[in-house]
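Sequence annotations record features per position, and here TrEMBL assigns signal peptide to 1-18. Per TrEMBL, the feature domain 'Bulb-type lectin' maps to 19-144. As annotated by TrEMBL, domain 'EGF-like' applies to 280-318. Annotation comment: TrEMBL describes 338-421 as domain 'Apple'. Residues or ranges marked as transmembrane segment by TrEMBL: 439-461.
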Amino acid sequence: MKIVFVIFFCSFLQTCISNDTIMRRQSLRDGDVILSEGGRFAFGFFSLGTSNLRYVGIWYAQISEQTVVWVANRDRPINDTSGLIKFSSRGNLCIYASVNTTEPLWSTNVSDSISEPTLVARLSNTGSLVLLDTLTGRGYWESFDHPTDTFLPFMKLGFTRNDGLDRVLTSWRSPNDPGSGNRTLRMDRRGFPELILHKGTIQWWRTGPWTGLRWSGVPEMNRGYIFNNSFVNNQDEVSFTYGVTDASVITRLKVNERGTIQRFTWIARDNRWNEFWSVPKEECDYYAHCGVNGFCDPISSETFECTCLPGFEPKITRHWFLRDYTGGCSRKNKTSLCREKDGFVKLTHAKIPDTENASVDMSVTLKECKQKCLGNCSCVGYASAYHDGEGGERGCLTWHGDMLDTRTYLNSGQDFYIRVDKEELARWDSNGSSRKTRVVLVLISLSAAVMLLMVIVFCFVRKRRKLNSLRRSSTTFSFDFEDSLKFEDDRELPLFDLNTIAAATDNFSSHNKLGAGRVTKRYGGSSEEVIEKLGPRNGRVQERSQVDIEAAASKPREDLRVLRRAGREDVDIRIWDLWEKGEAKDIIDDLMDQESYNESEVVKCIHIGLLCVQENASDRVDMSSVLIMLGQNAIDLPNPKLPAFTSVRRRGRENVALPIAEPGSSVNDITFTDVQGPNPPCPSLLLREKSSVAVANTWNSKSGSSSSLTWLEAASSPLLTSSILFNNCSTLLSFFGSPKAMI
């Protein structure tokens, strides 16, 4: 039979003992129940699910949902309802399969014989079954010292040093089988104490050591919030317990059969248990997820959370690229750390490594701890033992050998100091900034860039909408996103008619090529447009101004709009040429102080940069790989191929004819719009080929007039054709001496 609300069905049982006690000469049959003072807990026989097997245990009496918190005969159930609970002649409380059975299925197993007639078994209001002498108050045994899978308030987890009592949580086999499972939570006796969750013999998760207020690996533990936590580590015992600040709060902690620790509270208004905390729940929670000498940072990347500790590198780099961290990390230089220039890199917000092999000295300060570690050649790191203790940090923890299960948190944890040589120390700033800080800065920068891009897109869309509403009869040619068209009559992009531009350029004289300068409008009493010539600029990389001229048909005259666009020449191909010649270091500006940078590091950055701009997308590296590459030697990096978007690639395709564009369609870099109306003009054409600009004026089909305009700037290859022919709305453009397009 299932357990139901005891107060409602108690009257239907054979015997419902109203008090909380079983007397020495009294027995408890299947169907009999005792209640704790206040009625919160019940003790007796129960079954689970549809099973007929009978168990003896403790459960919540005032909760409608069956919730068992302790099971006595968990591994030896009774097959029917003939079970009996009574005291043996030696004073042990025993469970028998039947009245006639002399061998108990389960016993409190008190070693000494108890002869006192005032011995009783009492169910306390905290949920513990206690054997005690009511006359003297002496306790002989209690269920809190032998927990099953549930950790109740005021229960202890840990061990006593004298008698070896070890209070361990052990999971059930399944939700309907309370037999001993293979998930256990116990206090580690080695090194500095901490609670460790095991899956069989494998370490699954750990709390980290006690910091003075909380476990270092449980950042959710807040002082004074629902619970009062207490940790004891003295000559008698090492234990952890907790209480509740509000007695009306019903809460429990459970280790389930899947290897998850869950914290529940009862929500009375909904008649349900609410899970508000559990571990492990993310990759970094699992024990030694990043292997030896690695640490886990869950906020560094959604797919690449593992990093080697300062001074270490992946043992097998290829495995790390495949997200296999089990091999861990090894020391970079393979040399001894016992040198004068050794120092420490501070890893902030850390869950410090497993303290199994750590040494502890509670008599020294953190500053003294640093000197103690420096004076020991085997010391690889140190931290404060109680960094949250009253009166500030105290005690010293030092590690000697490999470090396991280190991770970081966003706003919790403590400082951990890793010993490195002077070369590694130079790679970290004096404040101990870790790679995590750099990643955060990168993420902030990327976020800002995304926001800026969104603003640009918004402005672009808004401008295009105005364009469509104001210039529905215009013929336009659009090239790419960065040449976003502006058709409002503003000061930045004024309209110029053909005569004005012709006058300003001396009839497009080769001496006044706009490609070598920029068009500006001069104010202060004159409306004359002039050409401002720019000379070459100083520096390794020269800049040029590129002017795009767009024809826009309007009534009653045709106007030409001049768009100013400043750009840079093909820096990428310039760098590529130097890289192929093995002269990548020549890219570094001569004005740079050689003492301010490491030449090999700069070359490595150039190497990685080229890998980021490969022609084929499958050859490009992602940001996660870039972060790993920045910490590797350049010799481990793959060789880059010809970058995308270079003039070399463009020139290699110069003899390929562009396809014919139908009206109203787009081909390659050109957008063609057919304008309908009584006197549709022939569309103007602007075709820009990287460093070239072609401009054609309109031809009016009604008047039969035509005009010819050629003005091109080709920095890398001069234009051989000197004119553009207009003939019945057909235009032949020649670039670099060969036909490029026919529209």
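Glycine is treated like the rest: Cβ placed from N, Cα and C.
Tertiary proximity for the domain 'EGF-like' (280-318) is limited to same-chain residues at least six positions away from its ends with a CB under 8 Å from its CB atoms, namely 196-197, 202-206, 259-260, 325-332, 345, 347, 350, 354, 402-408, 410, 418-421, 424, 428, 434-436, 439-440, 623-624, 627-628, 631-632, 636. According to DSSP, the domain 'Apple' (338-421) comprises 9 helix, 37 strand, 38 coil. In this model, the domain 'Bulb-type lectin' (19-144) carries an average pLDDT of 95. Residues in the domain 'EGF-like' (280-318) partition by DSSP class (helix H, G, I; strand E, B; coil) as 5 helix, 9 strand, 25 coil.
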